[in-house]
Every structure is written in structure tokens, then in C-alpha cells.
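Report on the following structure.
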Amino acid sequence: MAKLVECVPNFSEGCNKEVIEALGRAISQTPGCTLLDVDAGASTNRTVYTFVGTPEAVVEGALSAARMAWELIDMSRHKGEHPRMGALDVCPFVPVMNISMEECVICAHVFGQRLSEELGVPVYLYGEAARQESRRTLPAIRAGEYEALPKKLEKPEWVPDFGPPAFVPQWGATVTGARTFLIAYNINLLCTKELAHRIALNIREQGRGADQPGSLKKVQGIGWYLEEENIAQVSTNLLDFETTPLHAVYEEVCYNAEALKLPVVGSQLVGLVPKKAMLDAAEFYIKKEKLFILEEEHKIKLVVSRLGLDSLSPFNPRERIIEYLVQAGQEDKGLVTKPLGAFVRAVGGRSAAPGGGSVAATAASLGAALGCMVGLMSYGKRQFEQLDSIMRNVIPPLHQAMDELVAMVDADSRAFSSYMEAMKLPKSTPEERERRVVAMQQGLKTAVEVPCTLAVKVNNLWSSLKMLAHHGNLACKSDLQVGAKMLEAAVFGAYFNVMINLKDITDEKFKTETSQMVTRLLEEAKQGSALVLALLEKREA
């Protein structure tokens with residue numbers, strides 16, 4: 001699969017529609033770049049562009065937009081609520097799919113060097129690309145903003161990483177770097193700018209200084225007034241949403257606002273958000289309110305409602321969640337997108353993949369789906385009211401496994417294909433032969449790891465199936481019996497696929513450990529299936 005990098009350039013223009021559109025065209029017309037989002041703010045006088053592409057393409061896209069900004073933006077006239085120091089204020093590169101942080105650091109270095117050479121402007125590196133610890137954070141570099149640059153550039157400690165230590169009034173300076181996914185998130189309040197900033201100081205990690213740190217790690221914050229909406233905002237950057245998630249920021253602002261007797265009236269996501277950040281927030285509110293929600297779409301709706309993400313403008317998940325946008329922009333050629341008949345014919349075709357591994361994953365997903373169905377058929381009606389708490393615990397792991405196991409249909413096929421591709425590598429020289437052998441061995445190990453993972457996922461479901469066998473709707477008895485045997489058959493399939501690939505692996509320790517593990521997993525599946533079937537046989541209608 002192609003490497004995918006996200007680039008999020010922030011330009012200091014949020015009012016002039018012609019300039020905003022011209023910068024967007026410069027990006028979207030760059031080969032290999034897909035422009036996902038344009039978020040312009042009049043009060044901040046700033047526009048955030050989000051686009052994705054290969055490492056090479058996103059560097060070219062960012063440079064194209066920078067060249068256009070050089071022609072259209074004059075920083076000497078810029079005014080806005082948001083801190084800034086340049087026409088292209090900041091340009092981070094973010095790993096999205098099949099790419100490392102180190103590769104994004106290279107993107108930042110290449111971009112910074114080329115930008116400084118072409119335009120003759122100072123460029124600083126931050127985040128994971130920083131060459132100095134004092135420049136890791138954006139606020140540290142941007143301190144004093146554009147107005148402080150003339151004197152700042154004269155100081156030895158502020159010599160740019162690229163370009164001349166000279167003030168360019170038209171441009172200012174640019175910061176580029178590599179970082180994890182940053183979420184720009186604002187909470188709306190009916191109050192003054194000063195009160196919003198007071199809350200921002202309470203929650204941001206920096207707080208009011210070293211002796212008064214804030215309550216939330218990896219969070220930057222500032223208070224401002226949004227003139228076009230006539231509200232104040234606590235504007236935050238979540239530098240690591242795994243450390244401090246969306247809902248934690250919202251709840252902390254609400255807590256502080258309540259103490260000050262201030263109303264919170266929803267919130268706003270600027271730009272795009274990872275799906276995981278939304279689902280983590282959903283799980284928080286599901287647990288907090290003891291809700292029962294299975295479908296991803298419904299979980300997203302819950303978060304939009306609880307955080308008030310549609311308070312200022314409609315929130316369309318298909319346009320705001322990066323995974324949905326990336327999927328929409330790519331042609332999906334996976335096996336699971338095929339009609340059932342086409343998938344069966346693909347299995348029956350004259351090629352090694354899809355084969356037994358994909359069929360085993362299909363069986364596993366269908367087994368989990370049948371278990372999920374039986375659970376749902378035993379829930380939500382008055383006659384099953386006494387089973388409510390049991391089914392709320394039993395159904396979610398089956399529903400989750402159903403989705404995860406479907407994805408493994410393609411994962412198995414891809415894993416085997418990587419081995420087949422390695423076999424085609426050139427072998428004319430000793431070096432080429434060595435590379436080919438290493439690639440083939442890695443391909444075989446990957447081909448083994450996928451069915452092992454499948455077997456583990458299946459065996460995690462037996463406790464749920466046992467509960468269904470005890471308590472589930474007896475009208476669905478045969479469905480649960482079929483589901484149990486499908487899951488058992490899937491582990492048999494995983495076992496056979498592992499064993500046939502192990503024989504060609506030269507790592508004896510890996511072979512022994514994997515063989516023992518998959519044999520144990522097969523025995524566990526046999527016992528789990530037998531117990532479920534025995535429990536069902538004892539029950540009478």
C-alpha cells in the first residue's frame with residue numbers, strides 16, 4: 001500500500017476569498033496531492049489547509065502553495081487573533097498510513113531547505129524535526145510573533161535552521177516540522193475574552209509558568225473572542241490526543257466554567273480529526289452514562305451531540321474524519337468490497353490468493369456475526385428484559401470481532417502476496433540473492449502472524465458464546481450452533497495455514513514457538529466449540 005503523509009500548512013490569510021482559493025488550487029493541482037479540508041477564520045485571519053499524498057507529493061504541494069503565498073500575502077499588513085510569525089506560518093508533516101515519523105522528518109527538512117533557497121526566507125524546524133531542544137514546541141519559536149522578528153533574528157540563539165538570519169517584511173518566517181496528529185479544538189463560552197483566557201491558563205500544560213502548571217498534559221491553550229459568532233472560545237491544540245483526549249479537554253473546560261458560573265455552548269473542531277479520537281470520546285460517554293451503542297456511525301453521532309460539535313456549523317463526519325476522507329478518495333479493490341458471488345469466484349480462480357487463509361477469516365467473521373445476531377435477538381424486548389445487563393456485556397465483543405475479522409480477509413491475502421512478490425525479486429548477484437531470501441523469510445513470517453492473530457481473536461469469543469448458550473433466545477439455537485462451528489473451522493484453517501508456511505522458515509526458535517502456540521490455540525477452539533454445543537443441547541425450548 002502507498003505511503004500517505006498529511007500536510008497541514010497554516011497561512012496568514014482568512015478574509016480574502018480569492019487568496020484562500022488560490023492557495024487551495026496550488027495544492028490541489030499538484031500531482032499526487034488530495035486536498036481534504038480548507039478551514040478559514042476571519043477573526044484569526046488564518047486558513048488551515050489539510051491535504052494528503054506521498055512524501056514527495058506533499059512536499060511539492062506545500063512548496064506550490066508557498067510560492068502562491070509569496071505573491072499574494074503581505075505580512076506587514078496582517079492583523080488577526082491567532083499568534084503568527086509568517087505568511088506561511090507553520091507547515092507540519094504528519095504520518096497517516098504506512099509511513100514512519102522519521103520519513104516525515106525528512107519531508108520537513110527537504111521542504112525547509114527548498115523553501116529557504118527558493119524564496120530567501122528564514123525557516124525554523126520544530127517538533128520531531130527540531131535540531132535543538134529549545135525549538136521543539138511551536139509557541140517557543142513563535143514567542144513575540146511577527147513583530148519581534150527583526151530583533152530576534154539578530155540573536156545567535158535564533159539563527160534559522162534554513163535560510164538567512166534576515167527579516168523579510170513581506171513574509172516573516174516559517175516553521176516546519178514533523179509531529180503526531182494535532183487536533184485543533186475550541187470550546188465555546190458566553191463570556192469575555194479575558195475569562196476564556198483565564199480558563200485556558202488553568203488547563204494548558206504550560207499554565208501560568210513553571211511554578212503554576214496547568215491541569216492537562218500535551219495541551220496548548222489561549223482565550224479569544226470570535227467576532228463573527230459573538231462568542232468567546234478557549235482555543236486549544238491537542239499535541240497528543242492519546243495523552244489528553246478530546247472529551248478530557250471539553251470536560252475540564254466545563255468544570256472550570258461551572259466554577260466561574262459561565263455557560264459552555266458547544267465546541268468546534270478546526271480541520272480534520274482522527275477517527276480514534278472520536279471513538280475514544282464515544283467510549284467515555286458510553287461508560288459514563290451506561291449506554292449501549294454498537295454502530296460506529298451512532299458513536300460518532302453521540303460525540304457530536306455531547307461535545308456540541310455542530311454548534312457553529314454542521315459537522316459532517318464524512319468530511320471531517322480523516323480516515324473517511326482518505327477512503328472516499330481511493331478506489332477500494334479489497335476482497336471484502338466484492339459481491340459475494342464475485343468473492344467466491346475469486347477464491348475458485350486459478351491463483352494462490354485468495355485462498356484458505358481468506359476463507360478462514362471469512363468463516364470467523366460470519367461466526368462472530370451469528371453470535372452478534374443471537375445476542376441482538378435476545379435483547380431490547382420486554383420478554384428479554386431480565387437479560388438486559390447480560391446482553392449489554394456479551395454483544396459488544398462479538399460486534400467488534402465481526403468487523404475486525406472481516407478486515408482480516410484482505411489482510412491474509414495481502415500477507416501471502418508480499419511473500420509472492422519477494423519470490424520475484426532479482427537474484428543475479430550475491431547481494432540480490434541475500435535481499436531476496438530476507439524478504440521471503442519476512443513474508444513467510446507475516447503470512448504466519450495473520451492466521452495466528454485470527455485464532456487469538458476467535459478464542460477470545462468463547463466466553464461470550466457460552467453466555468449466549470446459557471441465556472440466549474432459544475429460537476436462535478441453530479444459528480448459535482452454526483456460529484460455533486464456523487469459529488472452530490476458522491481456527492482449523494488458521495492452524496493449517498500456519499503449519500504449511502512454517503516448514504519453509506529457517507528461524508528454528510520462531511518455528512518451535514509458533515507451532516506450539518497455534519497447536520494450543522486449536523485445542524482451545526475445539527474445547528470452546530464443544531462446550532457451547534453441549535450447553536445448547538441441554539436447553540429445551
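Placement of Cβ uses the backbone N, Cα and C atoms for every residue, glycine included.
For reference, Swiss-Prot has these:
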type	residues	note
REGION	1-181	region 'Formiminotransferase N-subdomain'
ACT_SITE	His82	active site, for formimidoyltransferase activity
BINDING	Gly163, Pro164, Pro165, Ala166, Phe167, Val168, Pro169, Gln170, Trp171, Gly172	folate binding site
REGION	182-326	region 'Formiminotransferase C-subdomain'
REGION	327-334	region 'Linker'
REGION	335-541	region 'Cyclodeaminase/cyclohydrolase'
ACT_SITE	Asp412	active site, for cyclodeaminase activity
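Where Swiss-Prot records a feature, it is marked here on the structure.
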{"residue": "His82", "record": "active site, for formimidoyltransferase activity", "Cβ within 10 Å": "18"}
{"residue": "Gly163", "record": "folate binding site", "Cβ within 10 Å": "22"}
{"residue": "Pro165", "record": "folate binding site", "Cβ within 10 Å": "14"}
{"residue": "Phe167", "record": "folate binding site", "Cβ within 10 Å": "17"}
{"residue": "Pro169", "record": "folate binding site", "Cβ within 10 Å": "12"}
{"residue": "Trp171", "record": "folate binding site", "Cβ within 10 Å": "25"}
{"residue": "Asp412", "record": "active site, for cyclodeaminase activity", "Cβ within 10 Å": "29"}
Separation of alpha carbons, the residue listed as 'active site, for formimidoyltransferase activity' and Asp412 (active site, for cyclodeaminase activity) (Å): 48
For Phe167 (folate binding site) and the residue listed as 'active site, for formimidoyltransferase activity', determine the Cα separation and express it in whole Å. 21
For His82 (active site, for formimidoyltransferase activity), the spatially nearest of the binding-site residues Gly163, Pro165, Pro169, Trp171, using Cα atoms, is Trp171
